[in-house]
Amino acid sequence: MEKMMEQFLEQSAQAEENFYRLEEQRLQADDHRRETEHARELHMLQMLGQMFSSMSSARVAGSTAAASPTEPVAERRPSGIRYLGVNPRAFERYFTLGSHRGMDEDVFSLVKTIVPPLTSKKHKGQDGRIGIIGGCQDYTGAPYFAAISALKVGADLSHVFCTKDAATVIKSYSPELIVHPVLDSPNAVEEIEKWLPRLHAVVVGPGLGREDVLLKTAKAGGVCSRHSKARDIPVVIDADGLWLVTQQPSVIQGYQKGILTPNFMEFTRLYEALHHEPMNASDRQRSVLQLSGAMGNVTVVLKGEQDLISDGSKVYSCSVEGSGRRCGGQGDLLSGSLGVLAHWAYAASEMRARSVNPSVVAAFGACSLTRWCNSQAFQQHGRSTTTTDMIQEIGPVFRKLFES
Ligand SMILES: NC(=O)C1=CN([C@@H]2O[C@H](COP(=O)(O)OP(=O)(O)OC[C@H]3O[C@@H](n4cnc5c(N)ncnc54)[C@H](O)[C@@H]3O)[C@@H](O)[C@H]2O)[C@@H](O)CC1
Ligand SMILES: Nc1ncnc2c1ncn2[C@@H]1O[C@H](COP(=O)(O)OP(=O)(O)OP(=O)(O)O)[C@@H](O)[C@H]1O
């Protein structure tokens, strides 16, 4: 009897494994189809963009007005950043948001090209299945903010992997999230790995806490899992996930689709752990470049008055207008949005010459979005602005920044 039971269990484990293998193959085929479709649509958009741009340059050439808004754009275009033919007005609008740095406009225009078209041919899941690893007894807001932001940006499904006692709380904030109460279960890593093959990006850290056992699970089940690195999906590391990276930089060092999003304190800790010397706070651009280099060129986003983004070769700054209000949770909005944008950027970039790192494009998009949501929410709520108010702005701000 016992033997039969054993055989039965073995067979059902095998059947389950086969199911996931087939499911993964099916998802990969779907992704491939979608990427091809996306590339075709993108190609048409590029051609249209080029047609518009040549029409508008013809108008500029024919007019006597030397100060057309399209002219300085061409002059400001830096070498090494491919121009993909977008509406020149995007640059004009971007300037009104507060940036005055030549390099930024091109990265900003690239963000628009990664947004997948909405078509009736897609099925649920194709625009992104994002996983957030975080959420414990103390912190239930952070994973919620990250996961709901991913959905509001345009992901189709958002999964949260949290501890048991955080799960009911997070579920009660939103019926839209899929919540797995597994982080503190004895077989936590297997529980997470069951889902990982279906995910397009993971965000590790919001509200994770710093208990050893949770950090170990996040490491084995998220950052280092064969399903994330081997499947080559973007891994965004934020908040307490950065605590883990500070203790063990090798968990993400050299992984090209790794993106770290430290605030100033998290950045300082990580910098000092890697360089064994105090950071020079007056030269943040240099420090962010150095840290990305020391991490094997993972993308680093140092958040602050200006967000500095580097993949170790260049530093980009994002200074889209925000506000003076610094409520907790804004960083979670950023990391959740970044998970989706990173997936889109890599899906889109397969078809293109990679003149700009897709992680940088995605990071630039997420920073611009977060900052402007902050500014828009502040206009209505002033000092009482909270992250929930900012999340309500994601839809209109995204449309205005990236889809108009
Ligand atoms: N509602 C929630 O559940 C929230 C939970 N959070 C979680 O709280 C946990 C701890 O996050 P913390 O960010 O507090 O991390 P830390 O415990 O490392 O604290 C960082 C400290 O640095 C300070 N700081 C930030 N920027 C600074 C700067 N430029 N100069 C000087 N000091 C600066 C902050 O006030 C904070 O006290 C994380 O898991 C995080 O995800 C936060 O995301 C906020 C919202
Ligand atoms: N001084 C500032 N001016 C404008 N925007 C800022 C400023 N500081 C931070 N931000 C923006 O706020 C967002 C979150 O950064 P913040 O430093 O609050 O992260 P965090 O501390 O990790 O957040 P969280 O509270 O979620 O843990 C980023 O998009 C950043 O651009």
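Just so it is clear, glycine is given a Cβ too, placed from its N, Cα and C backbone atoms.
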If TrEMBL says GLY207, ASN263, PHE264, MET265, GLU266, PHE267, THR268, ARG269 bind (6S)-NADPHX, which of ASP127, ASP156, ASP332 does it name for the same site?
ASP332
Could you check the binding-site residues GLU266, ASP307, ASP332 and say which one's CB has the most other CB atoms within 10 Å?
ASP332
So if I draw a 10 Å sphere around the Cβ of CYS327 (ATP binding site), how many other Cβ atoms end up inside it?
17
Return the single residue from the binding-site residues list (LYS303, ARG325) that has the minimum number of other CB atoms within 10 Å.
ARG325
Spatial separation of GLY331 (ATP binding site) from GLU266 ((6S)-NADPHX binding site) - C-alpha basis, Å:
12
Out of the binding-site residues I have (ASP307, CYS327, GLY329), which ones have their Cβ sitting under 6 Å from ligand 1?
GLY329
Would you mind checking how many other C-beta atoms are within 10 angstroms of the C-beta on THR268 ((6S)-NADPHX binding site)?
17
For ASP332 ((6S)-NADPHX binding site), the one of LYS303, GLU305, ASP307, SER323, ARG325 that lies nearest, given that the binding-site residues are compared by Cα:
LYS303
